[in-house]
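Remarks on the structure that follows.
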């Protein structure tokens, strides 16, 4: 009931994927040592970047889509001009680079190296190293990214910890040691920076209230029973109404953030799903896989699928529609629940 399109063009594991240029293009990178820019409508590569000499672990775009940054097992991070395809700079690391990310203002790049589990922060234009944090984790860093305010760098690791490093004080401001019972594979923020989601090999995702520090005295929101094996990737939709996750069970799970349940599983990949993305209008999901392909899934009519309707009904009458964003949400179990007409994200923003 979900229409999809298979994008073939890589010859090895596709490690990272993104929508870009207002959802008209797709960016991907692969263990085949290439980065490809795809035409969304036609579904074929229109530009290829080839300078790495080993598998590429991640690719990321500046907010204006003018530059792309890549990290690789060849111990480098590289920046490219999207229009010309020209490589702008290369930063050498002492070990393989497992992750990279660009700050939302386009000023900084962060990368994670397996040599002494180090985080690097450097200037996105000059490639000058701004910070070099050795021993940041006790084991391999799987993912690092900036928060939307460009104030903190978040990283997760095989050591099961989550760390937030402050760009101003140049110190670790938050460490979460007991959130997951196995390696943490990915992390992502809501667009307002209020919530952080983490994906783990313990088969769960957790949503942390980072802005108010609620996680310090209350358990995070747990999203369970979405995958049969390790969860490899996660991403919030632009409006935070959905979380999308990919797993080693070859499936993509679509979660209702507010009601805290899995709406649907997407099946079709022949090997584990390495990365996921969601379009700004919530109509398309993009998935990357070890099977060397990407898949585009049309979820525009997801709420009309019988199984999704039945699942929503089974959760009872506490599911309501937000009067502002019009997304479904779970009303709180309290005496004045009938007065609650907005989801938690709209309540917080107001």
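Every residue, even glycine, has its Cβ placed from backbone N, Cα and C.
Any TrEMBL annotation is an automated prediction that lacks curation.
Per TrEMBL, the feature repeat 'WD' maps to 7-48, 49-90, 134-175, 177-214, 224-265, 266-307. Under the heading domain 'NWD2 C-terminal beta-propeller', TrEMBL lists 49-217.
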Seminar exercise, completed: In this predicted model, the repeat 'WD' (266-307) has a mean pLDDT of 96
Exercise. Where else in the chain does the repeat 'WD' (49-90) make close Cβ contacts, counting only residues six or more beyond its ends and a cut-off under 8 Å?
Worked result: 12-13, 15-16, 18, 20-21, 25, 27-37, 96-102, 104-106, 109, 111-113, 120, 124, 127
Exercise. Taking DSSP states H, G and I as helix and E and B as strand, how many residues of the repeat 'WD' (134-175) are helix, strand and coil?
Worked result: 0 helix, 22 strand, 20 coil
Seminar exercise, completed: Per DSSP, the repeat 'WD' (224-265) contains 0 helix, 23 strand, 19 coil
Exercise. Reported in the order helix, strand, coil, what are the DSSP residue counts of the repeat 'WD' (177-214)?
Worked result: 1 helix, 17 strand, 20 coil
